[in-house]
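K.L.:
The structure is given below, and queries will be raised subsequently.
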Amino acid sequence: MSSDESDAASNKEEDTTLSDDDGSDVEIKNSKKDRKRKLASESEKSGSDDDDDDDDDEDENVTSKKSKKQKRKNKAPSGRDFLAWDVEVDDEDEDDDNDYDDEDDPSMNAMNEREEAERAMKEMELSQRNRDRYKFQNMTEDEVQKYFENKYKGDKNDSQYDDEDSAMDDISKNSHLPSTKDPNLWIVKCRMGEEKLVAMHLMRKCLAVEHTNEPFQIKSVVVKEGLKGMIYIEAFKQSHVMSAIEGFSALNQFTITMVPIKDMVDVLRVVKDIPQLKLGSYVRLKRTMYKDDLAVVDLVDIAQNRVNLKLIPRVDYQKRRGAMRTDADKNYKLKRRPMPKLFDQDTIKEVGGEIVTDGDFLVFEGNHFRRGFLYKYFPINAIQADGVKPTLGELEKFQESSDDLKRELETASLKDTENPFVPGDIVEVKAGELVNLRGKVMTVDGTKVVMMPDQEDLKEAITLNAHELRKYFKEGDHAKVISGRYEGHTGLIVRVKDSTAIVLSDLGMEELKVRVRDLQLCADVTTGVDSLGQFQYHDLVQLDHTGNVGVIVRLEKEHLEVLNMHGVVNRIKPQAIIAKKDVRFAKVLDSQNNSIEAKDLVKVIGGPNAKERETDEDPVGEVLYAFRGTVFVYSRKVTKNGGVLVCKPKQLILQGAKKTTSTPMVSRMASPNPMASPRHSSGGMTPRSPQDGMSSRGSSGGQTPRQGGGGGRGGHFGTANQQKVRRDLTLIGKNVRIIKGPMKGHFGIVRDATEDTVRVELHTQCRTISVDRARVMVVGDTGITAGSGGGSSFYSSSKTPMRDSGKTPMYGSKTPMYGAQTPMYGSMTPAYDGGRTPAYGEGGRTPAYGSKTPAYGDLDEHSSSRTPAYGNDSSRTPAYGSADGARTPAYGSTEGGRTPAYGSMDNSRTPAYDDSGRTPGYESMPSRTPNYDSSSKTPAYPESEHSARTPAYNNDYDIPLSPAYEPDAPEAYDNAPARTPAFVSRTPGYDTYENSSPTYEPDAATKVEEDIGDTSSPTYDSPPHSYVVPTPGAMLNPATPGAYHVDTPGFAAPMTPGSGGAYDQYVAPSPFAGYDSNNYNNADGAIEQIPDHFLAQGVWIVQNLCVQIKDHEGRFNGREAIIKDVTDGKVDVYMPDHKCNLEVDFDQLTPMKPQPGDDARVIFGQDAGHSGQLVSMDGFEAVIRSQEDMSDMRVINIGLCCKMHSET
């Protein structure tokens, strides 16, 4: 029977069945059974035919037949498998039915199967349409209802089978549960941290004895992750466990506990920790670039184990993208995390970034942004949801308005933390009918709070929910922070607004912004000790192994803030601190060489911590520590960094110490004023007077200049050797009383003393303080203080002899006094006769007797007045005879022992010169200093006698000479070195003539003798060497000698300005002939400069200021930048030239000078903060007109202004 005939028969049978009158489901099932029987008969016939065909192949190999069967089983199912009416027949001929395919070709099999499946599907669709068409024609409504009920109601047999399957599953699971026949679990105590190590040792020991006569009887060892101090051992008996752990010191053999059978399953059960995330809750990231950043949960997808977070993006705005990308940008690697900042699409477009829009979102580099925030999916295990407490600063960044922040603070859930209320708290009702009702908490029971109202009409306690209350504080309350970042701090509440409070800390005197619920009324003051009790407030700690130290300025719950030696605050954990430092006995010298140490009171006079305006007071504080040239000072008036200042010793001055008036001996090269005269070792006091307030002890005034004092061999150049502080042993050990200052009235014993300061150990206090010597008096003395220097001087002969009215000082010829006016007619210094300074005459010269330095004369002169005094014997200083070379400087008449040594005709002079180049020189004697060639005389002069003496003089004019000159002086005077002071310049000089041009005439020196009123002034050639000493003070109107401690010329090897070194920028020649444009001030001479320390602090930096970049990458240095934002000590600027953003530090910015028409802002001075438009400039003065008030126009120094970026 063919397949077409069978199909037609089946269709005919189907039509016949559907046309029956009963139309019941039973007949439909019978028709299906008949159809299945026919198909089965057809398959038997085809099977019999196949059997006949297979008789010829009976001799084939059995192995080949089995392999074919296996291949048939592995083939894809045929189309017949998809037919619902196909039934299985008996299994007798199952092996034969598998060989229905003609060939084993896979392609042929697939093609045949596809054709059969398509034909079968067409037949099913046709039959289904026919059944749906005629199914309900002859059925009543009840029959149709019954049909659908039977079709869709549940099958009881199916549910029965499901119950049986579940029961089998339960039985199979229960079979794995431990029973009494299984080994037990035993708990063994273990040393903390060695659980895994012990398990490994047990395994090795078990393997070692496995094949011996006594193997271990334990089955397994279990170590649970996170469970410290115990392990589990599986064994039948406790004795088996004890024998296995014998010899392990890390295990406790005497405490072995068995786990109950019912609890054994829970021991090894692994519970997946899924955080309970809620929409809008705050979380933190554990890893990625956003580690420790705060985020808000936006969507939770538990199925895919991820969560969508809203957070502040970290986008690198400096990286060029797209078409603007260069070869250098291709190798660009992000070295640091970008700053968190809201997404700025304009900046991204400027660097070449491409942004697309997806609804409300902006898509950039695969990330979605909305309203500046980043929305991104993260794995759930990458976030931390427990214990997240955002700070107020972080909450402000996430809130789009102040109302959102207020709402966030007010609706902060109390369920996440413990009940913040305790009995005794003052609370206020924030919601409900009793809003704003205040009272006192009586008891707390879970989330219920019993409050006693403070109203007179309400005398009964009220029970309220905790979330309906909030703590109430008023200004002036003393509170303690019980949670949060500032936990443990105490302070005074200075302001309360909504749910936040401003607390003034007791330790650092700084304002803390905390939430009200984190506060609690407290009468105690914090001890300033951290939670571990290891460090204390204001402790000096070592930060690293390089010697960097710092002072603790803030204590937090888990961190410390340390102010290091460089003035930078580091926030570190206590574990990062190496050790505490003990430098209580360290001492340093302040700017006046006073010794300061811990607990001394000092004043800050320089550096970044000095006063910013002249009207302000200098900061005063107590020395906390002195360490390696760094002093930590605590000032109560400073709130920054807890009042701790980092200063250098030279920026401080000891309070109560007398300022030293003497100028330390420095060389010309180190002089702060290049026009000053060369300095003497005695600071210009030659000889030194006892009325200068200083002891002559240790003084070099009036002594013979030391060997090498001119910078030659043995010279000191003003080093510490000459400034050494000497101790006064006469006062040590005496009882003194403080008569002045803050410690007035205290008694003590002197432990150490110098010329200016004494160290007094107080009797009433266990401390030693430094006191000015003038403020203490020895007990038992009658009103005599322990003045500077204490006892007598070393030498009485070092002072200027005082024996008549012509001496200085003395009445009659004192300076100033009548007849000694300065200036007076003729520019005399002082007036003629006995008022000259220093006066000359008998014994009145400076130094006395012949005005020689060192003074000497003939053998019959008074030897006691010489400085130093000497006679004709070896007591001279240094002693010398008339012909030996021991003079100071030693020289003979013709030898080269002079200083500088030279011969009479050679070029070894300093500097070398010929006979006509002495300065100031006359005649042809070979001992003038300094000297150089004739073309550069200072001042120039002819070789006539008395023509170029310094100062110039003539017997015909009553012009005083300094030092005094006598025509009949010994010849040694005329042969002495060059005289001082200068040529023609009277002291103090004034000229009645108006013309003072610094021109030079060759016979200028001669004209002085002929006409003292000559107005010509000499000019000078540049010295041939930088160490040539010029004639001091020419045309500079020098002051009265001695008033400014004028040193002996030539001493300490003065350096000619302009020859390099420290004063290379001062190009004025010497002698000075007028100001040059490149001198001390700028060209305009009046532009005010902003201190560098003020610029480095960054307090002047505001948005839209135009600045210049320095100390950065080469392509950015010197470029203009516009300030966009200031965050966490960093400045975010925009570079118009590079069209990119840049992050810099405060000290990398300098303000730009505005031009007329620019917007400007005053950043320093009394008008700081004033802004407007720069209307005009007149030199250094700028006229700035305020944009708010057009009538407000101010004239401000241009050096105090900075250009502002204009939006228009």
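Using N, Cα and C of the backbone, Cβ positions are placed for all residues, glycine too.
Dumping what Swiss-Prot says about this protein:
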REGION    1-116  region 'Disordered'
COMPBIAS  16-25  compositional bias 'Acidic residues'
COMPBIAS  39-48  compositional bias 'Basic and acidic residues'
COMPBIAS  49-61  compositional bias 'Acidic residues'
COMPBIAS  65-75  compositional bias 'Basic residues'
COMPBIAS  87-106  compositional bias 'Acidic residues'
REGION    151-176  region 'Disordered'
REGION    182-274  region 'Interaction with SPT4'
REGION    317-421  region 'Interaction with RNA polymerase II'
DOMAIN    420-447  domain 'KOW 1'
REGION    658-726  region 'Disordered'
COMPBIAS  679-694  compositional bias 'Polar residues'
COMPBIAS  695-706  compositional bias 'Low complexity'
COMPBIAS  707-717  compositional bias 'Gly residues'
DOMAIN    730-763  domain 'KOW 4'
REGION    792-812  region 'Disordered'
MOD_RES   T815  phosphothreonine
MOD_RES   T822  phosphothreonine
REGION    836-1004  region 'Disordered'
COMPBIAS  926-938  compositional bias 'Polar residues'
K.L.:
When DSSP states are grouped into helix, strand and coil, how many residues of the domain 'KOW 1' (420-447) land in each?
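P.N.:
The counts are 0 helix, 12 strand, 16 coil.
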K.L.:
Can you work out which residues elsewhere in the same chain, 6+ from the ends of the domain 'KOW 1' (420-447), have a Cβ less than 8 Å from its Cβ atoms?
P.N.:
410, 414, 453-455, 461-462, 464-473, 482, 517-518, 520-521
K.L.:
Let's see if you can do this one: DSSP helix, strand and coil counts over the domain 'KOW 4' (730-763), in that order.
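P.N.:
So the counts come to 0 helix, 18 strand, 16 coil.
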K.L.:
What is the pLDDT of the region 'Interaction with RNA polymerase II' (317-421) when averaged and given as a whole number?
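P.N.:
Mean model confidence (pLDDT) across the region 'Interaction with RNA polymerase II' (317-421) is 77.
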K.L.:
Looking only at the region 'Interaction with SPT4' (182-274), what are its DSSP counts of helix, strand and coil residues?
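P.N.:
Split into helix, strand and coil, the region 'Interaction with SPT4' (182-274) gives 28 helix, 24 strand, 41 coil.
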